[in-house]
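Visitor: Attaching a single structure in structure tokens format; questions to follow.
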Amino acid sequence: MEQLKGQPWLPKFSVPKRYDVWLKPDLSTCKFDGSVAIELNIIADTSFIVLNAIELFIDTTSISFTHPAIANSSNSNQVLKPLYIDVVEEDEILVLDFPNTLPIGIGLLTIAFKGILNNKMKGFYTSTYEHNGEKKNMAVTQFEPADARRCFPCWDEPAWKAMFKITLDVPSQLVALSNMPIIEEKVDGDLKTVSYQESPIMSTYLVAIVVGLFDYVEHLTSDGIKVRVYCQVGKVNQGNFALDVAVRTLELYKEYFAVPYFLPKLDMVAIPNFAFGAMENYGLVTCCETNLMYDNQNSAAANKQRVVIAVAHELAHQWFGNLVTMEWWTHLWLNEGFATWVSYLVANHLFPEWEVWTQFVNDCTEGLRLDGLIESHPVEVEINHAREIDEIFFDTKSDKKGASIIQMLQSYLGVECFQRSLASYIKKFACSNAKTEDLWATLEEGSSEPVNQLMNSWTKQKGYPIVSVEVRDQKLVFEQSQFSASGSLGDGQWIVPITLCRGSYDVHKNFLLQTKSETLDMKELPSDGNNLASSWVKLNVNQTGFYRVKYDEDLAAKLRYAIENKYLSATDRFGILDDSFALCMARQQPLNSLLTLMGAYSGELEYTVLSNLINISYKVERIAADANPELLECIKQFFITLFLRSAVKIGWEPKKGESHLDAMLRGEVWTALAMFGYDAALKEGSRRFHAFLDDRNTPLLHPDIRKAAYVAVMRRVSSSNRFGFENLLRVYRETDLSQEKTRVLSSLASSPDPSIILEALNFLLSSEVCTQDAVLGLAVSREGRETAWTWLKDNWDHISKTWGSGYLITCFVSSIVPPVCLSLPLSLLFLLRLRGQMK
């Protein structure tokens, strides 16, 4: 038995084929009873059965293994009972030791158990909601990555696919959902027994159950697939937009993957307490409310886009993840990276006017930021124990970098070749498991390109290159080296798909940089070298490559001219700015060159570009404040001047026929001006907020600018002037719209007064804030960073106990700790650079 402990995977001498799961949740006591009958195929000589279980109270007397009669057994089934039973909590396994070797072939393992509906938002847990002013519980599952074992004993690894037959005993007035359609429902007084159709084979992490009080809207696809969106009673109209997106997305994926949706129904459920944005359970997608619900009157344009991306992401998994499943968590990056990438493909198809591919670079930038850290790791990480899964599952780098290198690969292979090969991959591995190398092999076969060799350099080593380019003797000289945010040197080397253009997007060149350096004769890129309008050179065209670029001074100056005159696409303007900021932070470029470049973006109106400009300005302002408070006002005035032209052009009021991106931009640019203390923005935001307090339907405070107004109000709040703070809390308490609550929470800590910030942070820990929403209020103003750091330390025991070891607790750390740490070594560096710039 000792040899079975501490292993990375469950032993392979028994294979689960089918589960029959019965559960009876009690929503008042927050406990559940259950039993499972597992059809097992014993494929090797053993006296052990080892499966996963944790936090379950196993009825040891119920455990038995039954197999068909063997020779000379009077044609009756033989029931075997284990001699020893051991629950190994450290390994989360249940070990059953039988007195004799188990017979080869099919048998039935039965186990009865009890469990607790926990409040940790994982396994089988409770979520709370209000109905008619009364707080009620619902029961919800969240099994990914490895928490089905908290609900029923099982082989809880993605490669152990099986069929599932679910039966639930639940209160008769409640809605009970699972992966498959209901085949029978028997009511017996206050309880009903609900039986579901048996599922096709799937991994345990995709099994799902939801029990609560819901309304729904529904529609059919052209194939007759019934699609429903479930919301809390009274909010069902907020599910209509997601329903429409889901139906259209299923149709699109059926065509894109050349394989129809595999199940007879698809349900999507809005869950009030949910640790993730959404979860792709097969046939029963669960989402936090902000990712599924859209209100025409009170939701902002950004909320609408968020719903589209979230729905498209989770439905992509129905094929890429559910139908074809990763063999082991090492390949999680591909699962998440692909779903992230293809969600933009869907959004662009459904709403081309949104220009979402220009926003995809935000994901790429986040991947670059995380992968440039010394503590980074390859996207393909060896997982040697279940305890290690969370370390990568909650690491957003996997899907951000993963999506980016998939985009890079599609750009290199071509759109049609990439799609054709993906369809072949889905068909080949449907209803089974696959590794990253299986996809590379399929793409290589379909393209005749060295995909495996190319992609291994991006998935099996951490980091990425910075490609330096300079002009020498009428030749472009390219040199790659490993980028590090700390400025240190690395020894990584990549096969880099280089794309470049000169003076025009019609004059372009593509090649693979396979060595440390390479040269290109500029005669291959003809242009009028004396004409600034046509002499610029841009690498990584439209930011399709996962690398950064450093230009020599002459090339950088010509690119600034091209930016000022809008010769470059929005994605290229974004990329030049982001690379410059990263180089500055890594001490490879002086701050004055970054500020000079930022000045070239004055009057910028493209959402993605200006949004990134704003985010960079926040970071520079924070570090400048630590470096030399005397220079802070100069920096703030520089940014106010930089953004004011854009803000004036876009105004406070929505314009008839304006674009989706303009609507999103309006809120961000006025929020920035409020944060930097622009007096006119503070006054106007406050004026509109007062009108909103008098009339919640006033046209003066459109949802797109509410966040800006709330920030403007909070920037004027102090311990002696609490009006804005108290009234924002009133707005929070009176609304039942989750997106409105999110806007309020994300604004409360914007005050410059540390005492107000402490009060706002303490509010996050109160019962008034849903557990998963607390992290939304951690965006603390520059003045409140030290207060937030002290608060985090003082409340760490409570925070760690409440939010556990998952994704949400990482948000507490990442939101509060980095600003404090950044202020130490970098402040001296920025002090020197700021002094030079301001002189």
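Every residue gets a Cβ built from N, Cα and C, even glycine.
Computed from a predicted structure; not experimentally measured.
TrEMBL lists Glu314 with the feature active site, proton acceptor. For His313, His317, Glu336, the entry in TrEMBL reads Zn(2+) binding site. Residues annotated as domain 'Aminopeptidase N-like N-terminal' in TrEMBL: 15-206. For 241-458, the entry in TrEMBL reads domain 'Peptidase M1 membrane alanine aminopeptidase'. Under the heading domain 'ERAP1-like C-terminal', TrEMBL lists 536-821. According to TrEMBL, the feature transmembrane segment maps to 807-832.
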Visitor: State the Cα to Cα distance, in Å, between Glu336 (Zn(2+) binding site) and the residue listed as 'active site, proton acceptor', rounded to an integer.
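Guide: About 10 Å separates the two Cα atoms.
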Visitor: Looking only at the domain 'ERAP1-like C-terminal' (536-821), report the model's average pLDDT.
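Guide: It averages 93.
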Visitor: Residues other than His313, His317, Glu336 within 8 Å, Cβ to Cβ centroid, of the Zn(2+) site?
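Guide: Here the nearby residues are Glu280, Glu314, Ala316, Phe320, Gly321, Asn335, Phe338, Ala339, Thr340, Ser343, Asp399.
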Visitor: My understanding is the cutoff is Cβ-Cβ under 8 Å with a sequence separation of 6 or more in the same chain; which residues meet that for His313 (Zn(2+) binding site)?
Guide: Ala278, Glu280, Ala339, Thr340, Val342, Ser343
